[in-house]
């Protein structure tokens, strides 16, 4: 069991650091995961800590404390992700809005340009289906 | 003294409405030739944008579907940037009679927001069951909040003056019912006034509305939730501004 926790912590650390190095995970999320994996690592190296903490907090079985801590932690992480996603969605909405308005204006400007260019060389501007081919 | 010309923008949110949008735009241009029409194409996958453009509307094409709230906010941002004095929402499905546009706009003489209400005297628009209770309840609560008698607060047929447009650009939610209830509560809490004008509502030209009992019950629940959030949010905002 202790070995399992140790291996888990190492794997988690390795994945987080790899993702960080590859720039596939931004620091603000990585920090949280680094803290979690270091905590697991510490608990794996010093199992006595968990027993001590269990006694201090008055929890009956160490595994109960571990599970409650894990659940609370994951709840927090999940909530944080929902919050970040909501913000990201709102930003995305505003960007989409801007892009759509900008595109509409570009379309209109291009239309005006086309009409300005149009009369002078309309004869060559729009050649027939195979006028330039031979 | 001549009154300065009022520039009005008609905003038509449209999502896959190729069957209706052309006729709707043409009708708006017929009955209100001096107004500009902008169709906010809400990520349609059909020919909505092309048909709206051919019918003579300015088209703003959103890159993906954002819901009526998202489409309307885009329309209001556009209205503000282009300096319009008023904007009015007309649905693309043909339920709003373009002949009523000027009547709804006349309401702006009395308030910042004017709602074209479907139950007020005119027309034969009818809903039953939980959906009706929900609409009644929402209307009574929002009447109290806005200190005006309102009978149809979920109507999308509504006009806004420049002040209301500015408020909408500042805050216009994209969530479910956000475009009607939440936006109205937020506007009232920001100090804007509301009035309503009776209009007749026409049946949908194409397609079917959601009227099954389950859908209506979900509608009831979601509208309560949206309203509750909006009210609490408003109370918090007014307390913050009081400090």
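Cβ atoms here come from the backbone N, Cα and C positions, even for glycine.
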Next on the checklist: Quick test of your reading of TrEMBL: among A:57-84, A:85-112, where does it put coiled coil?
Outcome noted: A:85-112
Item to check | Non-local residues, at least 6 beyond the ends, that sit with Cβ under 8 Å of the coiled coil (A:85-112) | outcome: none
Checklist outcome for this item: Whole-number mean pLDDT, the coiled coil (A:85-112), equals 92
